[in-house]
Amino acid sequence: MKLADKITLLRKKNGYSQEELADLLDVSRQSVSKWESSQSIPDLKKILKMSSIFGVSTDYLLKDELGEEDLLGDEIVKTDNDYKVKYVSMQEASDFLGKSLKSAKEISFAVMLCILSPVMLIFLMGLMEMNMLKMSEDRVGAFGVMILIAIVAISVGIIIKNTIKMKEYDYLENDVIETEYGVDGMAKDRKREYSEIHTRSLIIGVGLCIASVIPIMCSIIVFGEESEFTIFAVCILLIMVSIGVKTIVDTSIVWNSIIKLLEEDEYTRSNKAYRRNSIMGIYWCIVIAIYLCYSFVSNNWSMSWIIWPVAGVLSAVVSQVEKMIKKKA
């Protein structure tokens, strides 16, 4: 049901004439008439006021897929002091999607650099093991670690820059939102258009991460487990993982930006309320601390990346356990 039809239906259900509704909204009768005949669309402030007058949510007014039968559901607007409602205009939504697309490319590139950061160190160690590099082990280690730290510093800088740039849109992730007329339809169109690309990117990214162990297996089969060539196979593994993770991070950021506007999946209103008091932020801080401590102490950067997929799987378990505990409480 279109907005025009809903205004007419709700006006008549509440016993208002066009003149009476116009007085309540502080507009002319002609404006109400144009709204009901689809000649014009009320602005967001008028829609919010109609939501209050008619006792329905803005979602009901703005979403064409909701009809008269949905008035019998939970469409009555309720005030909840635990929720902070933020209103999103079409311009804000478009700016957010555009910035998210650019930010996704930069952040995914930074993540790829982080995974690639130990490659030079491992490669130089391999050359030294094969006596192809006339440098002491200490010098090779110092040079490799210097490059590693430089790459990580650049990567962290890129991530911080983009995090600060997108900070103004944190409310889309944490607060209840009401969108301007047309935003919901635009976001659904973007979701439909990007869905196939997102699925394909996930398949490629996950496939590369899984296939990354093949070079090591081939090296062991052909040259033996103790061969120096296994070191170079580790470099190939990290390169494949970095490309795979970049692909996954890139598409996930773009996809999540669309989902945030639609308040779907993990960004539903109930999940937003749950996240405000979640321990997951602490969990990931602990994971980062473990990764950095283990990597620097053991200098085993070629294998420490395994912490991340393991932490990802465990995060789902921790999240579900936390939800169960909160439900019982």
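Cβ coordinates are placed from backbone N, Cα and C, and glycine is handled just like the others.
Among the features that TrEMBL reports, domain 'HTH cro/C1-type' is placed at 7-61.
Residues annotated as transmembrane segment in TrEMBL: 107-128 (among others).
Within its own chain, the transmembrane segment (140-160) has Cβ neighbours under 8 Å at 106-107, 109-111, 113-114, 116-118, 120-122, 124-125, 128, 133, 299, 301, counting only residues six or more beyond its boundaries. Taken from TrEMBL, the feature transmembrane segment applies to 140-160 (among others).
If you look up TrEMBL, you'll see 201-223 (among others) marked as transmembrane segment.
Annotated transmembrane segment per TrEMBL: 229-249 (among others), in sequence order. Long-range Cβ contacts of the transmembrane segment (229-249) within its own chain (Cβ-Cβ under 8 Å, at least 6 residues beyond either end) map to 104, 107-109, 111-113, 115-116, 118-119, 122-123, 125-126, 129, 201-202, 204-209, 211-213, 215-216, 218-220, 222-223, 302, 305.
Using a Cβ-Cβ cut-off under 8 Å and counting only residues 6 or more beyond its ends in the same chain, the transmembrane segment (279-297) has close neighbours at 304, 307-308, 311, 315, 318-319, 322. The annotation transmembrane segment is assigned in TrEMBL to 279-297 (among others).
Packing against the transmembrane segment (303-321) from elsewhere in the chain are residues 115, 209, 238, 241, 278-280, 283-284, 287, 290-291, 294-295: each is 6 or more residues past its ends and has a CB under 8 Å from a CB in it. Per TrEMBL, transmembrane segment is recorded for 303-321 (among others).
Per-residue pLDDT, averaged over the domain 'HTH cro/C1-type' (7-61), rounds to 84. Cβ atoms under 8 Å from those of the transmembrane segment (201-223) belong to residues 229-230, 232-234, 236-238, 240-241, 243-248, 250-252, 309 of the same chain, restricted to positions at least 6 beyond its ends.
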